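Here is the structure we will look at, set down as structure tokens.
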Amino acid sequence: MRLLLSVLLLLVASLGLVSAVPAGSSITPPPPIEPIQWLSSRSTDSRRPWIRVRDWVIESIWGISKDASHHRSVKASPRSRSPSRSLTRYGSDVVLRFHLRNAEEAEALAEATDVLFLDVWTSTSEFVDIRLAQEVIPSLLGLLPDSLRTAYTPLIDNLAEMIYATYPTRRPAGFEDQPGFIPSMRQSTQFGDLFFRDYQPLSVIVPWMRLMASMFSSHVQMINVGVSHEGREIPALRLGRTRGQTADPYPRKTIVVVGGSHAREWISTSTVIYVAYSLITRYGKSQQVTRLLEDFDWVFVPTLNPDGYVYTWESDRLWRKNRQPTSLHFCPGIDLDRAWEFQWDGERTRSNPCSENYAGTEPFEGTEAHQLAQWALNETQTNNAKIVGFLDLHSYSQQILYPFSFSCSSVPPTLESLEELGIGLAKVIRLTTHEIYDVTAACEGTITADDQARNSPPQRPIFPTGGSSGGSALDWFYHQLHTDYAYQIKLRDRGSYGFLLPSEYIVPTGKEIFNVVLTFGKFLIGDLAQNTDLDWDAELQRTEPDEAPASQGDGPAPATQQVLQADVDDEETEWVENARSEFRRR
């Protein structure tokens, strides 16, 4: 079974690498690629059994004809062609990091970015990253106070090249002695890692999900949580014991993990898939993972925004919003993480459909956000489920954010438990992969305020255009569905690559969030997890020495994380053993 799984995953990956040619390109592709040689010493005839396996997979599981698959196999991947398309769109673009020192600077920068319709990549209490064309830099600086005109550093000056580098490279998917084998994968013991050495388009992700559900039907079910504006299903994998196996008068505890709300955040989609795969293949082999899938249903949504995700592969790699029309036909799209009903603040942005943060004209106008909300309500109201955990994966800046996002003046009733678990999640990342993730309220991670006096006027810079605010999925699940543990996790890195994180970081980032999920589930199991002989730490995934290097950031870690880093030698399970949250009394 393991050998068959490896073959099927390799086939999925090899088909996916050639399906990502941007549509409408005028570039002539190179000559057809020769069929992949699985073993260089074998003749063509000796490979016929593998061809039959491939054809069976294509025809029986994916519904793709042999002729169609052959047509796809001779097309060139994006990186096999010259990057003229990216150069045309992004040739003069750069990413600058502005360092904020006071509220006046933050407000001036926010106003300038609104006037010039600039793309704010991320914002924290210390800096704001902005993408803009080089020729626009003088105009931006002219709108800023003198103190900000020299308070910036260039992060990315070769944006077009970095965009192209994120697309898959056409390499033979063979054994480690074959040409094109990636040396960093030699130590991997997981066949699935071959699938995760590149980002994958939706045309590969959906068949892969279908394959997982077919091969692991005892604990995996493929579902869809809605339909996008352009008519695509929003696919998801449900992991856990089959419903109805045992009579259970209590609602089934469910944890939802979502990625890809913002189309350009490819690492979030790949990370959701990696974590799902790790749980799927460890069920029945790992007592810890088996326990998690027996105690909870896990619903993994790789991309909530399939229309936008497809658009990033076919047209614009840095597209953020969904693809539904607005009042301005040349500015389509709604920010799905501002479109939720709770504390929707579209009054600030609905007059500007060209804004990257456009919230629509009314709550839930964003189709995909409304679809997920309807699915979640249906699960809790009619399907005997209680959503007890919500993890919303984004990029970038390495932050673990808890409610509320809309305002720092409103304190969540379970604040201590949220902080406790959030610090525990950051700690397990630091101990296993040595990466530092900040832990704070979402309002502070995106529109920063004084974290010592939540009800007093903000003392640190406020930048109101970055990240979430009102209308976020995080706040809606926590407040409307009473999901006790809801987090938005911003993945790697801290700005060296931003949304263009190289594919060699997929597996290390996936390991970090797998460890987060393992720790998250252990915490929700509660005291019962401590009263067993299971060694939860033994199941944690650690970064191998030859894997991708640590993420590079700009500047030192925030003071709060320096305190956490000094706490490495504390008892690692103390935060779980002392937990007495409302969750376990409900």
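Every residue number used here counts from 1 along the chain in the order it is shown.
For all residues, glycine too, the Cβ spot is worked out from N, Cα and C.
When the candidates His99, His394, His434 are compared with the Zn(2+) site entry in Swiss-Prot, which names His262, Glu265, the shared residue is His394. Looking up Cys354 in Swiss-Prot gives a disulphide bond to a cysteine among Cys331, Cys408, identified as Cys331.
Counting other CB atoms no more than 10 Å from each candidate's CB, the disulfide-bonded residues Cys331, Cys354 peak at Cys331.
Spacing of Cys331 (disulfide bond) relative to Asn378 (N-linked glycosylation site) is 33 Å (Cα to Cα, whole number). Asn378 (N-linked glycosylation site) counts 12 other C-beta atoms within 10 Å of its own C-beta, drawing on all protein chains shown.
Residue pair Asn378 (N-linked glycosylation site) / Cys354 (disulfide bond) shows a Cα separation of 33 Å.
Confidence across the domain 'Peptidase M14' (198-524), taken as the mean pLDDT and rounded to a whole number, stands at 91.
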